[in-house]
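Read through the structure below, which is laid out as structure tokens, and then see the notes.
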Protein chains: 2
Amino acid sequence: MTRATPSDNRNQNCRHFSLPDAELFYWPAYLTAPAADLLQQQLSRELHWQTASIRIYGREVAIPRRQVWMGEPHCRYRYSGTDFLPEPWHPRLRELASQISQALQHPFNCVLLNQYADGQDHMGWHADDEPELGLAPQIASLSLGQSRRFDLKHRQLECQLQLLLQHGSLLLMAGTCQQYWQHRLPKQAQAKAERINLTFRYIAPK
Amino acid sequence: MTRATPSDNRNQNCRHFSLPDAELFYWPAYLTAPAADLLQQQLSRELHWQTASIRIYGREVAIPRRQVWMGEPHCRYRYSGTDFLPEPWHPRLRELASQISQALQHPFNCVLLNQYADGQDHMGWHADDEPELGLAPQIASLSLGQSRRFDLKHRQLECQLQLLLQHGSLLLMAGTCQQYWQHRLPKQAQAKAERINLTFRYIAPK
């Protein structure tokens, strides 16, 4: 079992944030830089990136990023009024999901990929709290490319955490993070390059 | 021993933040609102608030807040090139230092009080890491009056935490917080009223 514990804070390889109602674990170099470089290039080239639209107050609005929803066939995902059917696994991502499941001792069977062309692309405040993810879902978030600021805020308590998600890093959002906290990827004018983010999740078969 | 532990996060009375290289404990209502009201009025009226100057790059600059340094006679304090001799204890503050020492099971024998007239008064990034405070000092910070945002950032890791310090609240900065993190009270245009902050410390007798 490789799950991090608070004592891992002295281990340069893991940073643990134990917050009211949330546990975060951050590995700044989960992938080596060359492995992260290769993965980013492969995903950027080989996936069918979609500019999805969502319905906001009855209007169809293109979201400010491109995305792919992928995983086991039963992993349907409903997000802002739209049903997403999963693309079948890209072999490299099936392998990566399996490696991360093994490392964190937690199953992951689907992944939402988001591609941010530059600092204008972003994602607003939200939580990964769709019912199909179950109670207290664990979300494993792998970052490739441009470092971007990542904000978390508690829904009731007045506190906010800002992290920098680096190329090759893995962030595990655990505990009741999705229930009590929201997160976002804000716009960043100075961010000029592409970031790809993979959030691995688990949806139980029916 | 009333020291909070991680399990206290389910206790509405204490919020625990276990961060890389720092432990924070926040009690939003350490004092009842009426007790905090009375204390604020008394301190605002009865203390000898000083507009201190500090030397920055050889120039004398008035700091954007008023302050009082108070405690046991041996508690001299050197800050930005200036030596501060402590005022003798105000009876109410001697009593409060004793109560907080008892509650946190840690001695506090001096206190730096800062009075912020409104959101224009502030304090920049710094740590309470003066040598006389020793290694890994525990700082107990009591807030009265206007709620203000309080920021902490790690000196090396790219992460930052923002809290709201409320009327009557107590924040304990513990672990190696002063060694690895800095904190500040930023300007806040919308803050219109006075805040008084008391940071209790311990200086060992020579």
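Using N, Cα and C of the backbone, Cβ positions are placed for all residues, glycine too.
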Residue from B:H90, B:H126 that TrEMBL also lists as binding 2-oxoglutarate with B:N114, B:Y116, B:H183, B:R195, B:T199, B:R201: B:H126
Three-state secondary structure, which DSSP defines for B:H126 (2-oxoglutarate binding site): strand
Overall pLDDT for the domain 'Fe2OG dioxygenase' (B:107-204), taken as the rounded mean: 97
B:D129 (substrate binding site) versus B:Y116 (2-oxoglutarate binding site) - Cα distance in angstrom: 22
Secondary structure of B:R195 (2-oxoglutarate binding site) (DSSP, helix/strand/coil): strand
B:D129 (substrate binding site): tally of other CB atoms within 10 A of its CB: 16
